[in-house]
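Notes follow the structure.
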Ligand SMILES: NC(=O)c1ccc[n+]([C@@H]2O[C@H](COP(=O)([O-])OP(=O)(O)OC[C@H]3O[C@@H](n4cnc5c(N)ncnc54)[C@H](O)[C@@H]3O)[C@@H](O)[C@H]2O)c1
Ligand SMILES: O=C(O)C(=O)C[C@@H](O)[C@H](O)[C@H](O)COP(=O)(O)O
Ligand SMILES: [Zn+2]
């Protein structure tokens, strides 16, 4: 069964399709969404995903009458760079992509963010379609944040550019390595922690099924996660206010990714640590103790890290946090849980309290 959700953004509204075996129908969906056949398409994928799914996607689209080019980047976070972006643009030019062309992101969040930024910047913006293949990408494929990294800061060169549709074949998730499964579930838990206590409890109860890639549990979890994301983005597309809550755990998480070296800590792992830190900060600020105990318990249950690797330098972590997009006018804005399923955007968190939590989380076991 195919589940459908909508990201409501007026004329930029688009559907999210979630279903097992959807890839076999990609040609028909492209036609349905008016993707023209007069200009070439460019599929961007990576070295793990390409060998598994590129032939099928390209073949289905060609059978439907599309002219298709492809570019495969190295798998992993290091491909979210300006140098790789330049390579993809070279392929786009050689393949004759024009302003009516569409870029297809076939892969996880790395490919989605990179290919999305290619689409946002190529000829000042062309269409793109998200074809997510990781659990984490239920988050990254929705909402139109596209970017590459700078060595000093994550996602610092980017844009808001919404896709035409999100086309999520959950069958592809069966080939994910266990570490990537767990890291992807971190963002699913985040969607519960910021919005829905009942869904958070469901995630915890179904940890075994989710980690074991049980099809029914996965479909439900992804649908719920995408629903939260779509609801938030539909209310505040450009993060003027509410959308910042999707960043729970990310100020510290992004700093840990950059300081550890991109790809050492997976994004989902880094933000799991960040969400535990936010829960500890909440308790320090006077919110109930159970926020910390429940948050940490859940991430431990999913086998995700809940402590900061001891070798990472506190000073460097603090410096990296100052590059966060929510560090404005000398103030650190932090997403603080006030209960399970509820958060506030706190504009007055002192760097000193954050530093104390960072130091504590490097010492505790
Ligand atoms: N734009 C957003 O709103 C947003 C949201 C969340 C995360 N992100 C970004 O997403 C990135 C992380 O995404 P990710 O966790 O999907 O990482 P990823 O794209 O690197 O994929 C994880 C790994 O799994 C492999 N892989 C992907 N699909 C596979 C499949 N079906 N079978 C086997 N292997 C597969 C990839 O090659 C890679 O090695 C980070 O850069 C993060 O900043 C962006
Ligand atoms: O979509 C959003 O908004 C998010 O914050 C989702 C995050 O999970 C994601 O990692 C995003 O890329 C972070 O955005 P950034 O603006 O902090 O770079
Ligand atoms: Zn994230």
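Using the three backbone atoms N, Cα and C, a Cβ is placed for every residue, glycine included.
Heads up, TrEMBL stuff is auto-annotated, nobody curated it.
Quick look at what TrEMBL annotates:
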type: BINDING; residues: 75-80, 109-113, 133-134, 145, 154; note: NAD(+) binding site
type: BINDING; residues: 187, 250, 267; note: Zn(2+) binding site
type: DOMAIN; residues: 72-182; note: domain '3-dehydroquinate synthase N-terminal'
type: DOMAIN; residues: 184-326; note: domain '3-dehydroquinate synthase C-terminal'
Chain-mates of 187, 250, 267 with C-beta within 8 Å of site centroid, Zn(2+):
136, 139, 186, 190, 249, 253, 268, 270, 271, 274
Please report the number of other Cβ atoms within 10 Å of the Cβ of residue 187 (Zn(2+) binding site).
25
Between residue 109 (NAD(+) binding site) and residue 250 (Zn(2+) binding site), what C-alpha distance do you get in Å?
15
Entries of 77, 79, 111, 134 which, being binding-site residues, have CA atoms within 10 angstroms of residue 267 (Zn(2+) binding site):
77
Taking Cα atoms as reference points, rank the binding-site residues 111, 113, 134, 154 by distance from residue 187 (Zn(2+) binding site) and give the first.
134
For residue 154 (NAD(+) binding site), what residues in its own chain, 6 or more apart in sequence, show a Cβ-Cβ distance under 8 Å?
254, 257, 258, 262
Tell me, roughly as an integer, the mean pLDDT over the domain '3-dehydroquinate synthase C-terminal' (184-326).
96
What three-state secondary structure does DSSP assign to residue 79 (NAD(+) binding site)?
helix
For ligand 2, list the binding-site residues among 77, 109, 113, 250 whose CB atom is within a distance below 6 Å of it, in sequence order.
250
Can you tell me whether DSSP puts residue 109 (NAD(+) binding site) in helix, strand or coil?
helix
According to DSSP, collapsed to three classes, what secondary structure does residue 134 (NAD(+) binding site) have?
coil
All-chain count of other Cβ atoms within 10 Å of residue 77 (NAD(+) binding site):
19
